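Report on one structure; see the data block that follows.
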Amino acid sequence: MKPPEHSLIIISGLSGSGKSIALKTFEDLDYYCSDNLPVELLPHFLRRRLRVAELSDQRIAIGIDIRSGSNLSELDQWRHTAKHYNIKAHLLFFDASNETLLKRYADTRRRHPLSHLGLSLPEAIALERELTAPLREAAEAVIDTSTFNVHQLRRHVVTEFALTHSDKLSLLFESFAYKRGIPTEADFVFDARILPNPHWKPELRSLTGRDSNVRDYMEQQPDVILYLTQITEFLDTWLARLQADTRSYVTVAFGCTGGKHRSVYLAEQMARHAREKGWSEVATFHRELE
């Protein structure tokens, strides 16, 4: 039997560029994640991890950056030997302009990892750029996050990197609030504002469509059952047609007033249904919860 191929995403880049947000996004999509791993421990870490489930494919994301104190130049050398472990390794480098990084540090009041060297913040950023330049040069993708907010960065990671780009149709089920606008990239948009709203139940108001109490409430509503049944039938028919038409990526968006209860519930339910139907590349994104 041919051993399974494993996917490894290596996240590196400048401090303050959004690496932690990216790693958390991969974790939310069921990647096994580890942050601040020294390069020299990477082979040992992967050998142990792959032995845990050696008969199944593994999706792993790790963060390696200036905090590890390792010789970062060894990372690219190791990446090219990963195929011997039957691992497809991808290096992503997160970057941002100096002005953006300075503003983010001012907003968060966090210390730069190199500040212990007695450097000013601009000097620390400049030194980090110099030390990580070989990784930036070797990366398969450089993601400049200067113009991204948190929501845009998470969505970019999901659509561009977290879902496998292959001959399979990748599905993203998204929730949103109409008051903040319809996602322009959505292929299908469904309006859930006609459905009963858990917001008006005081005990449910602080919860979201991910919570069991909200799910229980929604599943007791006849209109919700009818709505889900009809949309499920529609998508079961047309998603298969879209894959046959060589589409590689489809976004299905559900909207409600606040983007917290109904739309989240529907996106989660449709994602679960899609996985049960055999779609392997499925993700959810809840714009107003991020």
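If you go along the chain as it appears here, the first residue is 1 and each next one adds 1.
Here the Cβ of each residue, glycine as well, is placed from N, Cα and C on the backbone.
Residues or ranges marked as ATP binding site in Swiss-Prot (evidence: sequence analysis): Gly13, Leu14, Ser15, Gly16, Ser17, Gly18, Lys19, Ser20. What Swiss-Prot records for Asp65, Ile66, Arg67, Ser68 is GTP binding site, and it gives sequence analysis as the kind of evidence.
For Ile66 (GTP binding site), the nearest neighbour among the binding-site residues Gly13, Gly16, Ser20, judged by Cα separation, is Gly13.
Every protein chain shown contributes to the tally, and the Cβ of Leu14 (ATP binding site) ends up with 23 other Cβ atoms within 10 Å. Taking the Cα atom of each, Gly16 (ATP binding site) and Asp65 (GTP binding site) are about 11 angstrom apart. Each of the binding-site residues Ser17, Ser20 was scored by the other Cβ atoms within 10 Å of its Cβ; the lowest score goes to Ser20. The Cβ of Asp65 (GTP binding site) has Ser12, Gly13, Ser15, Lys19, Asn36, Leu72, Pro113, Thr132 as same-chain neighbours under 8 Å, each 6 or more residues away in sequence. Each of the binding-site residues Lys19, Arg67 was scored by the number of other CB atoms within 10 Å of its CB, and the largest score is that of Lys19.
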